[in-house]
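What Swiss-Prot annotates here:
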- K8: active site (ACT_SITE)
- P92, S93, G94, A95, G96, L97, G98, G99, G100, S101, S102: ATP binding site (BINDING)
- D134: active site (ACT_SITE)
Amino acid sequence: MIVFPNAKINLGLQVVAKRADGYHNIETVFYPIPLTDALEIEVREDTCDRLSVHGVPIDAATEDNLVMKAVMALRRKFDFPPLTIELIKHIPSGAGLGGGSSNASFMLKLVRDYFSLPIDDEELAAIALTIGADCPFFVGNRPVLATDLGQVFTPLPNFSLSGLHIAIVKPPIHINTAAAYKGLKHVGKRETMPDEIVYMPVEEWRGKLVNDFEESLFPEHPRLAELKEMLYRSGALYAAMSGSGSALFGLFREKPQLDKAAITDCFRWQSIIP
């Protein structure tokens, strides 16, 4: 049985408060996009699970892979046979696209459906939350306003980017998330929340729908700012960094012709949003 875990983008990201526990509360819109990995399972005649990962390299030992953490989380509640697991990675890691979290949540759903486990999406989302703050998003996989640590979701009725073209570029730059939070120049609520701005025409988002990480990370990594401007030069209605990076995305009316010389060393992907 095979599924295709998809990525997400952040539409705006406001860091609204630093908490007493050292973490930060955020306000952001999560939107699913059709950039996918592939995840397949079958029962194996053995005493333990086996995970094989192919495609885009990921920097994690097998036991630390979120797919395996998802399997073990379900094993604590249900009894099911050992699995052979094949994960083919297309979503780059360390990009702000939620690839690892998506893999974990899709693994939960895949095992649930494969073995007809008696657990609904709400219970599955609760398990997903123990793996990562944004993992529950991929259980429902619909546009939401994410608040608190990014795990409290408010649906966004009638909000859709369907029909727009999207381009993603990720340079070979690694962003340490903890360091990115530490370097923030703005922490606090802004006048307008992301879920209000996204209902405006996309052409009006520029300058309003802000990712707070850009202010601190762009001076440190000028290449990120250059790529964002390249997306605008290529005709983007809106362009931004996703999460704490280092992937950037642009939204377009027509299929864009990107500056190939500017992205020769980048991961790049384009599609139409369904």
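Quick reminder: no glycine exception, Cβ is built from N, Cα and C everywhere.
Given the structure is predicted, the values throughout are model-derived calculations rather than measurements.
Cα of K8 (active site) to Cα of D134 (active site): a distance of 10 Å. Under DSSP, G94 (ATP binding site) is assigned to coil, being neither helix nor strand in the three-state scheme. On the backbone, the CA of G94 (ATP binding site) and the CA of D134 (active site) stand 14 Å apart. The two recorded residues, P92 (ATP binding site) and D134 (active site), have Cα atoms 17 Å apart. For the recorded ATP site, residues P92, S93, G94, A95, G96, L97, G98, G99, G100, S101, S102 set the reference point as the centre of their Cβ atoms, and the other residues of that chain within 8 Å of it by Cβ are A7, I91, A247. Highest local Cβ density among the binding-site residues P92, G94, G98, G100 belongs to G98, counted as other Cβ atoms within 10 Å over all protein chains shown. Cβ neighbour count for D134 (active site): 25 (other Cβ atoms within 10 Å of its Cβ, all protein chains included).
A straight line from the CA of G100 (ATP binding site) to the CA of D134 (active site) spans 10 Å. Straight-line distance linking the Cα atoms of S102 (ATP binding site) and D134 (active site), rounded to a whole number, equals 9 Å. Cβ neighbours of G96 (ATP binding site) (same chain, under 8 Å, six or more residues apart in sequence): N10, I175, M241, S242, G243, S244, G245, S246, A247. A separation of roughly 8 Å, to the nearest angstrom, links the Cα atoms of D134 (active site) and G98 (ATP binding site).
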